[in-house]
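Trainee: Got these off TrEMBL a minute ago, pasting:
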type     : residues : note
TRANSMEM : 14-32    : transmembrane segment
DOMAIN   : 34-154   : domain 'Piezo transmembrane helical unit'
TRANSMEM : 39-66    : transmembrane segment
TRANSMEM : 78-96    : transmembrane segment
REGION   : 155-180  : region 'Disordered'
DOMAIN   : 289-526  : domain 'Piezo THU9 and anchor'
TRANSMEM : 291-314  : transmembrane segment
TRANSMEM : 334-353  : transmembrane segment
TRANSMEM : 362-384  : transmembrane segment
TRANSMEM : 396-416  : transmembrane segment
TRANSMEM : 428-444  : transmembrane segment
TRANSMEM : 464-483  : transmembrane segment
TRANSMEM : 504-528  : transmembrane segment
DOMAIN   : 564-846  : domain 'Piezo non-specific cation channel cap'
TRANSMEM : 759-782  : transmembrane segment
Amino acid sequence: RMFHDDELEESEKFYVGQPRVLLLIYALYNTLVARSEMVCYFVIILNHMISASMITLVLPILIFLWAMLSVPRPSKRFWMTAIVYTEVAIVIKYFFQFGFFPWNKHVDYTKDKPYHPPNIIGIEKKEGYVHYDLVQLLALFFHRSILKCHGLWDEDEKGDSSSNKEDTDDELSLTGGRRDSSASLKSVNLAASVESIHVHFPEQQTAIRRKSSSSISQLSHRSSFSSHRSKRDIFKNINHTTLSLSFLQCKLCAVKSHCGLCCFRTLQVYVPIRQFFYNLIHPDYSAVTDVYVLMFLADTVDFIIIVFGFWAFGKHSAAADITSSLSEDQVPEAFLVMVLIQFGTMVVDRALYLKKTVMGKVIFQVILVFGIHFWMFFILPGVTERKFSQNTVAQLWYFVKCVYFGLSAYQIRCGYPTRVLGNFLTKSYNYVNLFLFQGFRLVPFLTELRAVMDWVWTDTTLSLSSWICVEDIYAHIFILKCWRESEKRYPQPRGQKKKKVVKYGMGGMIIVLLICIVWFPLLFMSLIKSVAGITNKPLDVSITITLGGYQPIFTMSAQQNQLKSLDQNEFNDFLRTYRGNTAALQFLEGYAREDITRADLEGNSNSLWTISPPSRKKMIQGLLDFDADFTVVLSWTIQRSCLSQLLHGHGLRRCAKADLAPVVFYSWHEAWGRGKEVLTLEEVYPYYIKAPSDSLAKPIKQLLTDCKWENITVSLVKNGSEEGAREWWVLNQLGKRQKTPQESLELFIFSDKVSPPSLGFLAGYGIMGLYASVVLVIGKFVREFFSGISHSIMFEELPNVDRILKLCTDIFLVRETGELELEEDLYAKLIFLYRSPETMIKWTREK
């Protein structure tokens, strides 16, 4: 060994021998120490999400625009700013907790008002006002102790001074003639000024080394990079020499005038900020990275949150449902605005990624940070009329957006990659990448939108159709490459039959899938009501009886207490009545006790018979004419709870004139006043009504004796003198199950179960609708997969696709390096290859 220590070896043995739970605790602590700055960021953002005030707004903005953009890590000045600011915020919040302030006298009334000034500022009186601030301060001091333990707390000033000295020596040796001027400018110590602000000049570079991402022509790349760097250094020296001269002039003028002092203080703030972003956009070394995929995933999660939680971004849409709103052709404004903004930011981010412009990304980051924080914490509470801390969906959306801001800052700090080659899912050739890539291509319009955006924001000589042709060839060749790699990993010996595991695994799964698709509508419609169906009881039952199309003689309805469900004993007696009746028992198998409702209707009509004298006279004449038919129409209306569905039905019966004539005759005869005539109408009352899922309620013939309707009695009641008499009809059902002494009607309603609202969009199509809209469409795609294979053998059965895949990647590579003429030549070569089957055979042979 190079080095051996018995104590270290014993310590290692002691550590390995500890319990696993203790080792896990050690690992978690080490992870916490290694990412202590991320813990501070998380606590600061969490504090702002819960407090949502102007006091807590400052530090999150500083995190995304200062700390996360610092290379290689946030400076001591940032952490001291965060610590001091947190301490001051705690003191301010404590001071305004006293009850003598006017806004603290009505806390219960103003605590939920989003635009109440103390709530906006963050000085409102509340319990636990400082808990999260104390946790935030504790996290900051913990990170400060970690930096001090590792000697990184004072590294910034030492690194700046040493690097400043080295850069000074280099520049003095290069510039020669400007030795005195540059030395005198850099000897200006702004720390000795009144404000004691340290100003970092552009020569002060951090000690980190960033990796170069180029992989071709290293010599030419180094020469071009050195020449570019020399030009940039000259520009930076001239630029910052001018700023330094301005500093000296303002500092000299500050002694003479108040205006000069203001100018000097302005430059003290402006120059460090300008220098910070200038060094960020023009780094000497570029450790390029690519986190666009993670940023895209964060934006996608935010997009999903908006779609499923859009009600949280509107005023009166807390109980809204996006599916119901879209089904009614109504687009909520909050949903539309949020979706368009989110989609627009994703498009802009893709354009910046393709153009590889760090300056544009920095500007976009600044606009997004300020814009989203202003909108989420100042505009949204006014729109929703509730505080941000009470909006859980908005808090979740903001947290995911903070993750996006962190990834964007990391992308800016490291720089964009030099080359963007292909899709991120095509980096390896396995089953996971294969299925993910095919799923990516199945998303509607995503592949097309990506291809068009790439063509718009990428320098190329190809037309849009040629670009899409290359993308399609590359995707097809990648899929073939994945299958060929899987064949190499799991080879099939020559002359050996397929294993049963493969045949029954793949073939059996396809058989089951096809059978399920074919019989899906029947199985779905059968199970949707029997297994997941909801009982749909009636809310209102109405009956109307009309004689020959004239004024209705009887109208009555039953609601609430008049609609009763059968108890278990009544249901058993009901089933026992039809014992031996096969048709009735078969019908009753589809209904449970809770599906049957008994409606008790009052026998007296709820409306007077107000027929006009001419109609009455005509009606009498029609009844006395025994050569013509006369009908009795009984109609019923059932209103159910689900979707406020109305079911209608009617029964038509032709009655003998001899049965109806006495009723009408006695109704206007003088002898009517001496008594009340009661007549029996046979087979006019249905008694059992089936309320299906559609809008037509039908009588149930299986439950009627010999399929005959029930008999009812009718009579006309007259009250008052002959001239001002009030008349109404009274009906009574014969053979009721519930024996009642007074006149009444009894009606049994059998309600079919309905599908739950979540599956109503499928159940509404019906069996034939599902076959036409689902099965036939899927069958068309399946048929395309099983037919027409012979026409694509030349492009599908390629033994080795490495050369074609390399040709596609070469097109991407020369495009990124700016060799556009070579891009045209390689594209022409690719097209010729697909036009020549003989050449394709030579190119795809096994090596």
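Any Cβ shown, glycine's included, is placed from N, Cα and C.
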Trainee: Near the transmembrane segment (362-384), which residues from the same chain, at least 6 beyond its ends, have a CB less than 8 A from one of its CBs?
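Mentor: Distant contacts of the transmembrane segment (362-384): 52, 57, 60-61, 64-65, 114-115, 120, 277, 280-281, 312-315, 334, 345, 348-349, 352, 391, 394, 398, 401, 405, 408-409, 412.
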Trainee: Which stretch, 14-32, 78-96, 291-314, 428-444, 504-528, tops the Cβ pairs under 8 Å count with the transmembrane segment (334-353)?
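Mentor: Top-ranked stretch among 14-32, 78-96, 291-314, 428-444, 504-528: 291-314.
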Trainee: Which residues of the chain, 6 or more past the ends of the transmembrane segment (39-66), have a CB below 8 A from one of its CBs?
Mentor: 32, 74, 78, 81-82, 85-86, 89, 92-93, 119-123, 132-133, 135-136, 139-140, 142-143, 276, 365-366, 369-370, 373, 377, 381, 387-389, 395, 398-399, 402, 405-406, 409
Trainee: Report the listed stretch (14-32, 78-96, 396-416, 464-483) having the maximum count of Cβ pairs within less than 8 Å of the transmembrane segment (428-444).
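Mentor: So the stretch in question is 464-483.
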Trainee: For the transmembrane segment (78-96), could you work out the same-chain residues 6 or more beyond its ends whose Cβ comes under 8 Å from its Cβ atoms?
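Mentor: Same-chain contacts beyond the flanks: 40, 44, 55-56, 58-59, 62, 66-67, 70, 104, 118, 122-125, 129-130, 133-134, 136-137, 140-141, 143-144, 147.
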Trainee: For the domain 'Piezo THU9 and anchor' (289-526), would you mind checking the mean pLDDT of the predicted model?
Mentor: 85
Trainee: With DSSP, how much of the domain 'Piezo transmembrane helical unit' (34-154) is helix, how much strand and how much coil, in residues?
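Mentor: With helix first, then strand, then coil, the domain 'Piezo transmembrane helical unit' (34-154) has 82 helix, 0 strand, 39 coil.
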Trainee: Taking residues 6+ outside the transmembrane segment (14-32), which of them lie with a CB under 8 Å of any CB in it?
Mentor: 39
